[in-house]
Amino acid sequence: MNLKISYNWLREYFKTNQSVTDFAKEFSLKSQSVEKIKLIGQGLGGVVVGKILEIEKHPNADRLSLAKVDIGRRKPLELIFGQMAKVVVGDQLPVAVAPVKLPTGIEVQAANIHGVNSEGMFCLNSELGLSDRDEVMFFDASVAPGTSIVDALKLNDYLLEIEVTSNRPDAMSVVGLAREAAAVFGKKFLYREPKPSLVIPAKAGIQAAGSPIRSGMTKNKQNLLLKVEVKEPKLCPRYQAMVMTNVKVGPSPLWLQMRLILAGLRPINNLVDITNYVLLELGQPLHVFDYDKLNGQKIIVRPAKNGEKIMALDGKNYDLNENNLIIADQQNPVAIAGVMGGEFSATTAETKTIVFESANFQPLTVRKTTRAINLRSESSDLFEKGLSTFSTKLAILRAVELTQKLADGEVASSLIDLGAKAALPTKINFDLANVKQYLALEIPEDKIRKILESLGFKVKGKKILNLEVPWWRANDITAQHDIIEEIARIYGYDELPRTLPSGELPGLVEDSSFAWESLAKNLLVGWGFTEVYNYSMVSAQLLTDLDFPVKKAVRIANPLNEEMAYLRLTLLPQILVNIKINQKNFSRLKIFELSHVYLTENNKLPKELLRLTAAVGGGKDNFLAVKGIAELLLEKFGINNYQFKITDENCPIWEKGKGLDVYQENNFLGQFGLIRSDVLEKFDLDFPVACLDFDFTTLVKLANKQKIYVPMPEFPDVNRDLAIVVDQKITWQEVSELVNQSNPLLEKVEYLSTFVSPALGENKKSLAFRLTFRAPDRTLKVEEVEAVVEKVVSSLEKKFGARLR
């Protein structure tokens, strides 16, 4: 997560005279990485604050206006402007005085526009390079016309873009980063906890009552109520709220607006801006409700009901279900917990009484909600990483303090505080001897103490230190190795001695499944195949085209579109799409994919299985090609005694009689076959395609990892080629199984070809095969071989009615 902050803002909490580049270098080495540095006011010297004295329509252009602007000179500046934000006489805003070139590359020149001279230009924030939004920044009367906006906005500063690692939500704020910087540079941390006045004026008269843990209530003399109830304390460990009244809603002061703009946030009004400012400053999300818009003046933290809806602050409606935690009033949802507030309870210019919310939500709950409704925010990003329950009070008190200063708000209730308050701090006994053992460096004890104390640890004891982990690091630091890491990074990794490792180096233990994956991929590539990668999501239509049941596929809860609405049951559809796309460029295609498929089971979580699918398209004998690939793969995996069975039960897209399942005993290994012609037509394929589809997980499980080596044969082999005529229903598997039983001298049986011709007889075919004979202790005689051949032919005649060609 990247955070954009002002260097001057950061330095309010620790004093340093370091240049920004020196700061960035050292801070990146010892804490979080500074990715970018930008000089904020560069190129804005020619932009000043201008006060509009007069506005009139352009005499020769309907869509243009002419303004006279006071920029601190004797003579007002005349300029022409178009359809920008609504401005009126008396407004003060940025003016680029010609000639000047802005940081965004815009060149402002004096010009005659339709017969009227223009000597400058009103500037939007985007044109000044301050933000990417086309908005106007207005200055109040305290800023004199002609003041450089660099001075008016205190832009003699640098914008730092800092990448904060996801395990450090405590550093995702200005105060968190300043705390780190103070430790890195050995400076005093100057943060002051907020201490607003919590005295309730007599007119407000709202007093707290109710249970301090599960619910809270405030009541005033006019029976105004604010009741807070947390129905799921495990999902919302802490919820704090405070009522303020007599607030004056309006623009925030420029200093606050600028800090938000530079951070990439849009100023709205002082109340909303305060919540965003506290988010940046302390890293704790807040929300503000209009008190008068809460039905029954009641807040309930509860799971949503199935079918409930809410319009969020982004103007969109979201469907909720029981897995989404929400903030509700007596009737309706008013916020999505940890994600975004609702539109109908938001503050407006007419708001007088508000409720500040500062809460802690369980990370997994927020993550589930953001994924389910496809909505993320700065708040949800922080909650998902896990925040401390201690930060809620600091944040709400800071918001109250700022509201008193910037909106004249008055406290109208005591602080309602529900949930965990006194969580015990994490304590670790740390042996100082571990520092030298792990870092190979002797660091003085007083130096170690100073480092740990600068990071917020409470340190007691000697040799064995009794450490109390600061609350903001409780989720991150849990054991001694975490302490060693903290010492090492602040001391400086570059200060650690450079030594070569001693002793024996451990060998690489390779994951067997990855080894088999690499073997399969390398074999297929060596055989002329190209590997493809496809998305795991498919459309219902793609499954239907291959006669796979859509109801068995896992439906994605929040799909990107209907073309990616289901997790795939098989790799075959996308393989065929790949062939369709590439068939124009190749006369023969050989592709494969080794990836996961997802199968549903009744009342169980879906199963994720690894499949290997390969396809051969174009050319001749595609079926025999994939059969050969299947046999070679099984051979390389050391899987023997497998059988082929003609069936289309496991895959509905094979041509009849051209689909084979592969088994080893009762283990289903996969299948291969020739794709039906009607399926090819659905995919607009111009040539035959054959595919193999293996259960790779089962292949790996049955793979023979031990290689058995035997001596080279001492005696020659003898080959005999035979061709027999049998019924077409007789399969090669049946023939080969029978032939292999004939004699121990028969070493191997190889299929050669199949031939069909009317000359052979009706429903007849010819099978050609090769017999290889060898004896381990002698050279075979012709008589021995012929005797076995006669026995083979006799067996085939008896069982299948075969005859030699």
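Using the three backbone atoms N, Cα and C, a Cβ is placed for every residue, glycine included.
Taken from TrEMBL as is:
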DOMAIN    41-150  domain 'TRNA-binding'
DOMAIN    423-498  domain 'B5'
BINDING   Asp476, Asp482, Glu485, Glu486  Mg(2+) binding site
DOMAIN    713-805  domain 'FDX-ACB'
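Residue counts of the domain 'FDX-ACB' (713-805) by helix, strand and coil are 30 helix, 32 strand, 31 coil (DSSP-based). Over the domain 'B5' (423-498) the predicted model carries a mean pLDDT of 92. Every protein chain considered, the tally of other Cβ atoms within 10 Å of the Cβ of Glu485 (Mg(2+) binding site) stands at 13. Mapped onto DSSP helix, strand and coil, the domain 'TRNA-binding' (41-150) counts 6 helix, 43 strand, 61 coil.
DSSP assigns Asp476 (Mg(2+) binding site) to coil in the three-state reduction, placing it in neither a helix nor a strand.
Here Glu486 (Mg(2+) binding site) comes close to Ile451, Leu452, Leu455, Ile477: these same-chain residues lie at least six apart in sequence, with C-beta atoms under 8 angstroms from its C-beta. DSSP labels the residues of the domain 'B5' (423-498) in these numbers: 35 helix, 13 strand, 28 coil. For Asp476 (Mg(2+) binding site), applying a Cβ distance below 8 Å and a minimum sequence separation of six or more within one chain yields Asn167, Arg168, Asp170, Asp482.
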